[in-house]
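Q: Pasting the feature list from TrEMBL:
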- A:20-39: transmembrane segment (TRANSMEM)
- A:46-66: transmembrane segment (TRANSMEM)
- A:72-92: transmembrane segment (TRANSMEM)
- A:104-124: transmembrane segment (TRANSMEM)
- A:149-172: transmembrane segment (TRANSMEM)
- A:201-221: transmembrane segment (TRANSMEM)
- A:279-298: transmembrane segment (TRANSMEM)
């Protein structure tokens, strides 16, 4: 293969790997925003907690002598359940009591919860970096020639993300739960009148978003091999950017926004300079919002009267 | 009546127990640095070492007949927190400050100490401009600045690794970028080709794209200016992607966390860091005392102990807390410290303490005893 082409593909896979994590995280922001018009600033911390739970259970699996696949499944499963529980409790404790409060109030509690969770993990665990077990070591090697531009773990992250996205699409578009979610997004009062348990659906949305964040956290932590209590911060900002880029409130847009953002950063680092990686990411955001204020796939809705 | 007499006695006893006996005020010394956050492993051992030194001094009667009281300030290596901390210490009327940990935080806090004329002695801030700019006459440090480190790194790269092509990466911070720029200059002086000079954002999800770029350039050596969290992230991803170049960094990576997190990936990694002090008697006894308390001197603990020692000696010598007298005394005196016999040059940089090149071998840092030609 031409060396330049292999390099280009490699940079794209770097971007798609990172973009996958942004996409999984952005979905959490966008699902919650779609239903509650609330930006859940504590989402990055749920991601971080997912990574820590994955770490603890992967370590446990190693002690129990589990095989690599079983160990990865245990870490991922535990992270999903645990982060989901955090999402559920977060909504119960911090957002539900403020359902009828002015919109600024839940925003402030969101920031408060974000700080609280981060400090909690620092006190309960450590402020230092800790090594994350290499869950992907047992992956089979790729066919001859592929190694020039992609790692097995990158392919695994991308494929798992696409599978999760497809599952989410089925859930939102073709299940009763999804129908209820979409109806609340349109008009919560009407949904309530039609007999939908709005609080239950909102809880479910938080659990779902948190579980997606946990999947992203475990996948990328196993890839880079280290975590600490602050890892949720930058990912949170980037994923929020991705959600806005795609059109906040639209799950398809969040997924697309995440991948586009990841690719932009990667191409900027690969062909220009990694100094300006973040600059280019936000430049693309500004350009897209200039020409499509509602985001890539967002619809420009007239203000509700 | 009896009762009242008793209560008076009690009152006197309380006063006596508190170290402000006979109404003499404590002599306050500030200790500022990263006591929390990602870089706490660099700030906590210096604090512990200063606490140990102050306890020992107080047992011997303190300074100027007063007990030394330490005022601790945590800046998490963040400039804005360092400014707040500096203002707090000025408000507390400290005589001098040991700190801060990171160059960026030190740079931000220095003008405040400068205005209040408070001498500042850092055990770990290595950015050259802090002393060389000449703007801060009350600033001293017990660690050589990065230019000394950069020269050593460049000499090691050319004389031992014999590399012709190098990639320089940094973390955009005052310390990391400063060191990287100096190494870059020194390498170019020695006609080594620097293929790439780029910064990464600390805390970014991964550095995969940059690493593919480095792989394409296939340098013989990668220089990274920054701290251990990014270093382990970069080197482990580089090994995943099959980069065989040798890695070298400054003292920002020489930390146990680097070994613990990097595991096999950091095997063979080179780092310049202050020379091994296990032969200095005072260093031995201080290390033993710290270990008795379940602490360790870390990278900068001994330098912090030396900074406190130099300061205490200066105050005792001039028998005053006047900042100008302390400053003048620091500039002229030679002090026996945990770093050996040290003094300060006119810029405030330490004389008599140096850097060595270490390599990770079998999971520990080994001093290579590199002597430049």
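Each residue, glycine too, has its Cβ placed from N, Cα and C.
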Q: What stretch in A:46-66, A:72-92, A:104-124, A:149-172 has the biggest tally of Cβ pairs under 8 Å against the transmembrane segment (A:20-39)?
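A: Looking at each of A:46-66, A:72-92, A:104-124, A:149-172 in turn, the most contacts to the transmembrane segment (A:20-39) are made by A:149-172.
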Q: Please identify the stretch among A:46-66, A:72-92, A:149-172, A:201-221, A:279-298 with the greatest number of Cβ pairs below 8 Å relative to the transmembrane segment (A:104-124).
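A: By the under-8 Å Cβ criterion, the transmembrane segment (A:104-124) pairs most with A:46-66.
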Q: Of the stretches A:72-92, A:149-172, A:201-221, which racks up the most C-beta pairs under 8 Å with the transmembrane segment (A:46-66)?
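A: Selected stretch: A:72-92, with the most Cβ pairs under 8 Å.
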